[in-house]
Every structure is written in structure tokens, then in C-alpha cells.
């Protein structure tokens, strides 16, 4: 029997009432750090000395990180402090669309950032011509359009499934794996569609990134100076770290949506890419990028002068 559902109930991270306040303050702090960190990166990269395409992409990445964290964290924080953990049918669909859109767009954006590093290192003399403002904006718009297509298709597929089981979702936000387990129909064909989408969104961009870095490493090895090799590779290390963190989690969650992995394991993996990675990205890019650190230190010094006056 198919049940017409008007709302779902999000079970959250833990069923233990005594942990709710601790979880609330923990993730509230993490969310605040995420917002402040990404806003700082956004503001720092607006500095006149940081007008390279890399920093334009970094601003877009910060916006996507804030959006992803806000889509998931705000509802989660409300649920920690409320006995009513329900989310409407349309609210659930909207949250799923937003999460897929922001994360898929970020996957494609990371590919654009890899291409930018490839041009900067392998074609330095033509870098300004190839990576002009029009090309950079086109790459961002292409990433957003691709993310939108993936999100619309995946959300539409999920919410055409008939739901006939109890409406409580053992998850902290509306995501594909718990929702398809919620369906009372055979979802094997849909799981194949998810795997296809995973290949398009994760493996195809990841392969392009690998090709870019293969060319980058080849160019770096041709540099005679060890200091020069280190300096050149350091400009890519931050991006490579983020790529490794970001693509690994998607593979583990979506490649086998009905795998034998426990729901708690999937919650942890989902928590990493929706909350933790957006918090780490500003730290990774600021701590490993000398130009960002220099501008950030100068801004802090100027603010101190203003406050002491």
C-alpha cells in the first residue's frame, strides 16, 4: 500500500536526548567557524593584489561551502532544540535539490580550478590570454548549469518513488540513500541511475583532474631548481587536498546507495562533506597559500590600527 506523505521526520545524528544540547553547541560552533572562515576567504580574495583567476574560483568555492553548510546545518541545529523534527514533503525535496546542486556544482568547479592550475603551470606565457575573465565566468556558469541539471534530474527521480514505510528518516537531512530505502518499490533500476550520475558527477571530473595533474607534475619535474619545483607544486597542494577529501566521500556514499555500510557510517560520511569539509576548506587554502596569508595578515594589522586609534 502506497502512503501519501505530506511530511517526513528527521531522526538526526543521535536518539539520545542527553546529547542534544552538546551536539547543538558543537555544531553551532562549527557552523559559525564555517561562515566566518569562508567569508574571510571571500573578502581576502577581493584584495587588489589577488586578481588572478584562481582567487575568483576560490570566492565561488567559498560561496558554495557556505550554501551547502547552511542548507544542512540550520535545519539540523533547529532539530537539536526542538521535539518537532518534521520537514514538509516540499521542504525535503527543496533541501535535497539544494544539497545536490551545491555539491555537484562544487565537483565541476574543482575541475575548472584544476584546469586553471594546468594553464598557469604548463602554459604560463599564455595564461592571461587563455584564462581571461570571460573564460573564468563561463567555466563557473557551466559548473552551475551542470550542477542544476544533475540536481533537477536526481530530485525528480527520487520524489517520483512511492513512499509507504514509516515517515521517520534515520538521517539528519534529506539525502538520496535514506530516501530510496524509504521506498516500498523495487529501486534497482534507480540505483543504476544513481551510479550513472555518480560517474558523471564524480568520476568524469576526477579523471579530468588527474589528467591535469599528470601534465602539471610532468612540467614540475622539468624544473631544474628544487626550490622552484617546491614553489610551483605548493600552488597546487591546497586544491589537491580538497579534491582528495571531496571526491572520496562521494564515491563511498553514492556509488553503492544500498550497500551494507551501516546508516551511522553513511551519516558520518555525509557529515564530513556537508559540514566538516566546508569548515576545512578556508583553513586549507589560507594556511597553504602564502599570498592569502600575507593579505590576511595585512588586513588584520590594518584592523588593529583602526581599533587602537
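Glycine too: its Cβ is placed from the backbone N, Cα and C atoms.
In TrEMBL, annotation is done automatically, which means it is predicted and not curated.
Positions annotated as domain 'G-protein coupled receptors family 1 profile' by TrEMBL: 37-285.
Cβ atoms under 8 Å from those of the transmembrane segment (22-44) belong to residues 13-14, 50, 58-59, 62-63, 65-66, 69-70, 73-74, 76-77, 80-81, 275-276, 278-279, 281-283, 285-286, 292, 295-296, 299 of the same chain, restricted to positions at least 6 beyond its ends. Per TrEMBL, transmembrane segment is recorded for 22-44 (among others).
The transmembrane segment annotation in TrEMBL covers 56-74 (among others). When Cβ-Cβ distances below 8 Å are used as the criterion, the transmembrane segment (56-74) is approached by residues 27, 30-31, 34-35, 38-39, 41-42, 45-46, 95, 98-99, 102-103, 105-106, 109-110, 112-113, 116, 136, 139-140, 172-173, 274-275, 277-279, 281-282, 285 of the same chain, each at least six residues removed from its ends.
TrEMBL lists 94-115 (among others) with the feature transmembrane segment.
The feature transmembrane segment is assigned by TrEMBL to 135-159 (among others).
Annotation source TrEMBL lists transmembrane segment at 194-220 (among others).
Sequence annotations record features per position, and here TrEMBL assigns transmembrane segment to 232-248 (among others).
Annotated transmembrane segment per TrEMBL: 268-287 (among others), in sequence order.
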Close approaches to the transmembrane segment (135-159) from elsewhere in its chain (Cβ under 8 angstroms; 6 or more beyond its ends):
53, 56-57, 60, 89, 93, 96-98, 100-109, 111-112, 115-116, 176, 179-180, 190, 193-194, 197, 200-201
